[in-house]
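Trainee: The feature domain 'Core-binding (CB)' is assigned by Swiss-Prot to 1-86, with sequence analysis given as support. Taken from Swiss-Prot, the feature domain 'Tyr recombinase' covers 107-294, and the record attributes it to sequence analysis. The feature active site is assigned by Swiss-Prot to Arg151, Lys175, His246, Arg249, His272. Residues or ranges marked as active site, O-(3'-phospho-DNA)-tyrosine intermediate in Swiss-Prot: Tyr281.
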Amino acid sequence: MESVLDQFDAYLGLERGHSDHTRRAYRGDLTALFDFVEQRTGERSLARVSLPLLRSWLAEQSASGAARTTLARRTSSVKTFCAWALRRGLIGVDPAARLQVPKARRTLPAVLRRDQALDALDAVNSGAQEGDPIALRDRLIVELLYATGIRVSELCGLDIDDIDTSRRVVRVLGKGNKQRTVPFGEPAHAALTAWLTEGRPQLSIPESGPALLLGARGRRLDPRQARTVVHQTVSAVNGAPDIGPHGLRHSAATHLLEGGADLRIVQELLGHTSLATTQLYTHVTVERLRAVHDQAHPRA
């Protein structure tokens, strides 16, 4: 069974262009499924997977308290896997074809207020005044994530040549290997210049290659390190929600819309395939307006 899962993992990476994070999620979901199959049938085999068994698997997880979002993701993982197995001739009938994806309740993302975002940026900028390479790198991480709204995996995957400093744009390779160009402002440009001229040369080693961001040992920065940087930076801001890079992405999108940006432009900047995903941020701004109205209007 593991060899089949290895083949599916290769398909997700090479043909679907999924990130390592997404592929690990698929692998975890399918491993959990086949643990259940083996427990129920005594065989760890694709041939033993049936629609009733899949429904029992999801029902058991639901009864154990799995969130609706988790159930929806696992259903999607299984449906993608079974459809692939059918095309490869590994099964004659797709047992997941009629499996319904539970609708996940969409929750409004936690975002920073504008003043909180500026406080976080001020803090990370003040910490980079001494020329310490790690501080200069951390400044760039936060500035670039907020300026562009890119994903942390996209940030850590950037090479130096992906940055056009004269035009102040970054070329991003997003989900599905789709490339997009995202602009950034003067504060991020200043952070980038300081990192490239003062910070990166202090950490660079032959193994650094073209990577834009480096870890303390000179190799390409791991997304987990970038997440830690964002969490630590934001946690120092009084009253700010506990967010990481994805929360900073949410914040950038929300502030763009609050500033009057067109929804489809924001969709393009974020690399969303569906406009419906971007529209979630309009609900955030409406909720904020409602909160202000409730507090300030005498007839609220």
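The backbone N, Cα and C atoms fix where each Cβ goes, and this holds for glycine too.
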Trainee: About how far apart, in whole Å, are the alpha carbons (Cα) of Arg249 (active site) and Arg151 (active site)?
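Mentor: Counting only the Cα atoms, the answer is 7 Å.
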Trainee: Can you give me the Cα-Cα distance between His246 (active site) and Arg151 (active site) in Å, rounded to a whole number?
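Mentor: That separation, Cα to Cα, works out to 7 Å.
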Trainee: Quick one: Cα separation, His272 (active site) versus Arg151 (active site), in Å?
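Mentor: On Cα coordinates alone, these residues lie 11 Å apart.
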Trainee: Sort the residues of the domain 'Core-binding (CB)' (1-86) into helix, strand and coil with DSSP and give the three counts.
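Mentor: Result for the domain 'Core-binding (CB)' (1-86), in helix, strand, coil order: 70 helix, 0 strand, 16 coil.
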Trainee: Can you tell me how many other Cβ atoms are located within 10 Å of the Cβ belonging to His246 (active site)?
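Mentor: His246 (active site): 15 neighbouring Cβ atoms within 10 Å.
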Trainee: Arg151 (active site) has how many other Cβ neighbours within 10 Å of its own Cβ?
Mentor: 21
Trainee: Counting only residues 6+ away in sequence within the same chain, which have a CB under 8 Å from the CB of Lys175 (active site)?
Mentor: Gly17, His18, Ser19, Gly271, Thr273
Trainee: For the active-site residues Arg249, His272, which one has the sparsest Cβ surroundings, going by other Cβ atoms within 10 Å?
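Mentor: Looking at the active-site residues Arg249, His272, the Cβ with the fewest others within 10 Å is that of His272.
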Trainee: Within the domain 'Tyr recombinase' (107-294) only, compute the mean pLDDT.
Mentor: 87
